[in-house]
Amino acid sequence: MMEELHSLDPRRQELLEARFTGVGVAKAPLNSESSNQSLCSLGSLSDKELEQTPEKKQNDQRNRKRKADPYETSQGKNTPRGHKISDYFEFACGSGPGTSPGRSVPPVARSSPQHSLSNPLPLPSQQCSPPSTAPVNPEHSCASFKHISVQHRCTQSDLTMDKISALENSKSSDLEKKEGRIDDLLRVNCDLRRQMDEQKKMLEKYKERLNRCVTMSKKLLIEKSKQEKMACRDKSMQDRLRLGHFTTVRHGASFTEQWTDGYAFQNLIKQQERINTQREEIERQRKMLAKRKPPAMGQTPPANNEQKQRKNKTNGAENEALTLAEYHEQEEIFKLRLGHLKKEEAEIQAELERLERVRNLHIRELKRIHNEDNSQFKDHPTLNDRYLLLHLLGRGGFSEVYKAFDLTEQRYVAVKIHQLNKNWRDEKKENYHKHACREYRIHKELDHPRIVKLYDYFSLDTDSFCTVLEYCEGNDLDFYLKQHKLMTEKEARSIIMQIVNALKYLNEIKPPIIHYDLKPGNILLVNGTACGEIKITDFGLSKIMDDDSYNSVDGMELTSQGAGTYWYLPPECFVVGKEPPKISNKVDVWSVGVIFYQCLYGRKPFGHNQSQQDILQENTILKATEVQFPPKPVVTPEAKAFIRRCLAYRKEDRIDVQQLACDPYLLPHIRKSVSTSIPANAAVASTSGSSNNSLSN
C-alpha cells in the first residue's frame, strides 16, 4: 500500500492533506510516500469530488501573540505537517493499526434506505473541509475530527450492499406494482366514467322515450274517452225517444222538470189497455154464455122457455139453447183465451219491469252527462302532473268522482275532488278540511282485500282538494237492489260474509275503527253482480276507538249525533239526553242485519218508504223493538235467527263484531257438516224402519 501512495500524484496528495488538516497547500513538493498513502486511504473519492471541494476564506490574523504551533517553524511560517497520512487516519478516525483506511470514510449507503433517500448526509470531508490556505488551530482541528468520528459511528448500520440492493429491488418492484395498480385503477375509472356517461345518455334517451310514451298514452286515452263520451251521448239521445226524457214545465212563477215516458212505455201501456179490453169482452161473453147454459140431465126445461125463444126470434137474435157439449166447448174456449191474455199480461209486466230498470240507468246517465257538462274538469286535465281525468262517475253534495288514469303507476284510479262552497266561512271550510284529513289518515293505513285502498291525497287550491282511491269497475249494492229488488239467500250470505270479514279486520287493528256508515251505497260490487267480490268504502264518519275515548264496558261517546243514514243506525244512536250516547262496534253489527234483511226481502226492516226526517220525527228506530219477517220470499230459519241476533234492540243483548265473525250461520264447514249429517241419520232411520217392517211381515 505504501508503494501505491508513493506512486500518487504529488498535487493530489497535497490537496488531500489540505482537506483533512486544514493547512494551506504548500508550494513545495511533498514526498511521494505521503501522497500515495493519502490516495490509498481515500481511494473512494474521485478527482471530481476533490476539485469541487469548497474552500473557506482565511481567518483574519489575530493581533495578539499566541503560542506557536508545533507545526510552525522558528521563523513563524507555516510549514506542511511532517507526519504521514497514515498517522492522521489513526488520529482522526481512531482506527487501529489493523483497520483499513477505507472503512474510516462514513458510507452513506450504510444508513437505512429511508434515511438515505430522505435525509442524505454530507461526506465528512464536505462537512469539515477548511480552506486550503488558512492557518489551522490544532485543537480546533482535533475537535472537529472527533465530532466527525462520533457522527460516523452514529450513522453506521449493519446493512450490507446486498441487503440494500435487495431492499431497493423490492421497493422498486412494489413501486412498479403500485404504479401498475394505479394505472389499472385509472383505466377502470376511465371505463366507469365512460360507462356512466353512456348510461346517462341512455337514461336521457329512455326518459325522452318514456315522455313520448306518456304523451302518446295521454293522447290515446283522451281520444278513447272522447269516443266513449260521444257514444254515451248518442245512446242517450236514442233512449230519450224510446225510454223518455225530462221536460221543463212551468208552474206559476217557477219551472220544474217533469218526466215524460218514451214510445216503448207507451206501446206497452197500449198493449195493457188492449188486454184489459179483451178481458172485459171475454167476461161479458162468458156471462152471456152462462145464460144459455143448458139444463142438467134429468131436469125439465122451464115453462117460459118457449116464450123466451119466441121473444128472441121477434128481436132478431137467434139465441137458441145450447146443448151441453156446445156449452162446455164454448166455456173451454173462453178459459183458454183468458189464460192466454193472462200470460201475455205477465210478459208485458215483465217487460215493463225490465224497461223500468233500463229507464233508471237512462235517468242516471242523463244526470251524469248533465253534471259532466257543467263540471270545470270536463276537458281532461292532468291533476298533480300524474292523474289524467277521463270521465265523471258521479257527483255528491260537495264532491265529484272521476275515473282517471295514473300516468306514473299505469293504472286506473278513482279521483274524488272535494270542492268547498266559496261562500262558506273560513271556520266551516277549516272544519270540512279537517274532517277530510281525518278520513284520509284513517283510510290511508287500511290494507285489506275487502276495503277500497286509498292511494294519494293532494290539494288543488284553497277551496278544493283530491283523494285518489282504488277504482272498481262495477256499481254499488244500492244500485243493484234498485235494479233487481232482492237476491237469493246464498248471494246475500256471501256478501254478508265478506262485510263481516272486513269488520273483523277493522276491529283487530290498533286502534280499532267503527265504520258507522255501513249501507248498500258504501258497498261496491267489483263485478257489478251479487255473486262476486265486494269492497267497503267511505270512511268519512268512522270512529277511532283509541284508549283516551273508548271504554271496553260503555264504549265511546257519539260526538256526531244526527249524522249517518238513519235506516241503518241502531236505537242507541237516537237517544237524546244530557250526555251523548255511548256506542261500540255493535253499531256496525246492526247495520249488517239491516243490509242482510234488505237483500233478502227487497225492503228495509224499519222505516221503509220513509224519509230521514220522518224517521227522526216519528222515532221509528226507537220503536223498532222487534223485527217482523214477511211470508215471501221464503227464507231459512237460520237466516232469520241470524238477523234477530244482529237486530237485538238492547245493545247489551246484541252480539259484537268478534262474535259475529264466529257466528255458526257464517261458517260454511259447520253448516255443511250439519246438513250432511241430517240426511245420513234420516237414511239410517229409514233403513232400520224398513228392516223392522220386513221382519214383522
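Count begins at 1; order follows the chain as displayed.
Cβ coordinates come from backbone N, Cα and C, glycine included.
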ATP site partner of LEU393, GLY394, ARG395, GLY396, GLY397, PHE398, SER399, GLU400, VAL401 (as recorded in Swiss-Prot), chosen from LYS378, LYS416: LYS416
Among ranges 178-216, 334-372, 529-567, whichever one Swiss-Prot labels coiled coil: 334-372
Of the residue ranges 234-263, 264-293, 294-323, the one that Swiss-Prot records as coiled coil: 264-293
Shortest C-alpha distance to ASP517 (active site, proton acceptor) - which of the binding-site residues ARG395, GLY397, VAL401: GLY397
LEU393, GLY394, ARG395, GLY396, GLY397, PHE398, SER399, GLU400, VAL401, LYS416 excluded, remaining Cβ within 8 Å of their centroid (ATP): ILE417
Secondary structure of ASP517 (active site, proton acceptor) (DSSP, helix/strand/coil): coil
Across the coiled coil (334-372), average pLDDT on the 0 to 100 scale: 91
Sparsest Cβ surroundings (other CB atoms within 10 Å) among the binding-site residues GLY397, SER399, VAL401: GLY397
